[in-house]
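Below: one structure, written as structure tokens.
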Amino acid sequence: MSAPTIPGLEGNAPTTNQDMLNWIAECAELCQPDKVVFCDGSDEEWEAIAKDLVEKGTLIKLNEEKRPNSYLASSDPADVARVESRTFICSKTEDGAGPTNNWRDPDEMRAEMSEHFKGSMKGRTMYVVPFCMGPITDPDPKLGIELTDSGYVVMSMRIMTRMGKEALDKIGDGPFVKGLHSVGAPLEPGQEDVKWPCNETKYITQFPEDRVIWSYGSGYGGNAILAKKCYALRIASVMAKDEGWMAEHMLILKLISPEGKAYHICAAFPSQCGKTNLAMIQPTIPGWKAEVIGDDIAWLHFGDDGRLYAVNPENGFFGVAPGTNYKSNPNAMKTMEAGNNIFTNVALTDDGDVWWEGLENEPDHLIDWKGKDWTPDEDCLSSHPNSRYCVPIEQCPVAAPEFNDPKGVPVDAILFGGRRPDTVPLVTEAIDWQHATFIGATLASGQTAAAAEAKVGTLRYDPMAMLPFIGYNVGDYLQHWLDIGKKGGDKLPKVFLVNWFRRGDDGRFLWPGFGENSRVLKWIVDRIEGRVDAKKTVVGYTAYSKDIDIDGLDTDPKDVKAALTAPADKWQMDLSDTEDWLKSLGPKVPQEIWDEFDFLKTRIKTANKDGNKALDNMKTK
């Protein structure tokens, strides 16, 4: 079969993959770019695209001495974050998407979006970006191609994925996930471009059965860097369900004991709950070390030994900048020091460096993220709250070598955690995998309904921290978790619920957090090794305060004890919200989850009547 003509392609395509060539030709005919370029991932390509974007004003080259090979982008104020209201799961049936996703008929959506894509790349270059999810050496890799008219996306994809010629060669004549992205800002001949092209109309659309992603109108982060949430979670979660593995919104941490034994921990936290800080934690306990394998996404699969193994499908960190500093996350700061960064929507200093809220040494003058002069007297922030740094993992001083191992690492523990000022103890072990699935399904941040100034319904539920990212029906997703539990049996990792944000009656944080969270991780290791007991509470097996190592810590032991309480009366107040939440997830919520809800109610009733001691004598969970 002869290769199709790709409008705008100079020379021959560096592939013979007929399906790929046909698809690129179709998209080029639809979007009408001036030219089509296959990306090879080289330094020369990076430099050429960066030079072009600097000339257009999209990027500012930072001070080479302070930030080598690094750039600052400032987006349109209307294009600063993921747009969940414009994110669609276009499964073949509405039931396939379920109640937590926006669904549209896939044929109707294709027709509607095709009208927007028609001519959307006029005056621009269509970049063909081949990429590999996870280590390029994986014998069975997950691959993809993103077609985009954004050089910013190409540069970001080079950091966030294994991108370029190697990935294209890996695809060969095989299958791949197809991603089409346009900022939706065509240029007529002679028309001057804007610094950050985008469109008021936005779509971020996944077609899960077809393994296809279409994104239109946004140039920002997760909307445009299609390998991130679109592929690594929404599409991958469907692939995982079909193939018997898991795609989860989890960090992967390697913790090394003083004896040199390594433990691998995955953790799922909703946003603003300290996930990136935990991923790059610096333990404060003598003799303990930590290394990072991933800060955001984990793909979990069963190894030949029957254990769950975790792989990070990404190659970079795409972190929230504000609040990141040498106290909260020194390793992230050191990673950025090495250069090769793309910063987005942070402030520019007078000497060509970057700054954001929470960083040390506030300057007297900045250019803010909107390009305006800024001083500390301003009543606005210098950096957008969702401003970002994008940097290669390999630069992190505590990057574990295993982040490049396609086998992944055996998972010893999974952590769930929200931001709860009350009710949830500092650390609790789940009773079993079914109970763990219930804990994940009802993961929440916020206050109980009876808390000061709180209203009923102020708990924000985020199952497994995956609410915006489950690519199919949430009930089926929970069933998949239960099925994994049945398959894994006694080789499954232990699961824990943590809460770094417990406050006292006076509003103070009871636990110092940050690097001191290593003390909680030590207790988790002690549980894995069977070295410590735990007390049964309404939430599970909660730590005794005496077993949390606070040696050398300037924290009142009474505060630690208070942080480890699970007051049954407070848990009672959560029940109505939790029941409403589970009902809202529809009829596909597995019966086992409702059984766990009934067990929770029984534990609360028993504890309220006879105290926590009575829980030890219960015949049921």
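Count begins at 1; order follows the chain as displayed.
Just so you know, glycine gets a Cβ as well, placed from its N, Cα and C.
Secondary structure at SER387 (substrate binding site), as computed by DSSP, is coil. Around the Cβ of SER387 (substrate binding site), a 10 Å sphere holds 26 further Cβ atoms from the protein chains shown. Taken from Swiss-Prot, the feature substrate binding site covers ARG82, TYR220, GLY221, GLY222, SER271, ASN386, SER387, ARG388, and the record attributes it to sequence analysis.
Remark: LYS229 (Mn(2+) binding site) has ARG82, GLY222, PRO468, PHE469 as non-local neighbours, by Cβ distance under 8 Å and separation of at least 6 in sequence. The Mn(2+) binding site annotation in Swiss-Prot covers LYS229, HIS249, ASP296, and the record cites sequence analysis as its basis.
Using a 10 Å radius centred on the Cβ of GLU516 (GTP binding site) and all shown protein chains, the other Cβ atoms total 18. As annotated by Swiss-Prot, GTP binding site applies to GLN272, CYS273, GLY274, LYS275, THR276, ASN277, ARG388, ARG419, PHE514, GLY515, GLU516, ASN517, with the evidence given as sequence analysis.
For CYS273, the entry in Swiss-Prot reads active site, with the evidence type sequence analysis. When secondary structure is read from DSSP and collapsed to three states, CYS273 (active site) falls in the coil class.
Neighbours of HIS249 (Mn(2+) binding site), defined as other CB atoms within 10 A of its CB across all chains, total 25. For the pair ARG388 (substrate binding site) and GLU516 (GTP binding site), the Cα-Cα distance reads 25 Å. Reduced to three states, the DSSP call for GLY221 (substrate binding site) is helix. The Mn(2+) site, placed at the center of the C-beta atoms of LYS229, HIS249, ASP296, has further neighbours from the same chain whose C-beta lies within 8 angstroms: LYS228, ALA232, LEU233, ILE297, PHE469. Summarising the GTP site geometry, the residues cited as binding it (GLN272, CYS273, GLY274, LYS275, THR276, ASN277, ARG388, ARG419, PHE514, GLY515, GLU516, ASN517) extend over a maximum Cα to Cα distance of 25 Å. Calculated from their C-alpha atoms, the gap between ASP296 (Mn(2+) binding site) and ASN386 (substrate binding site) amounts to 16 Å.
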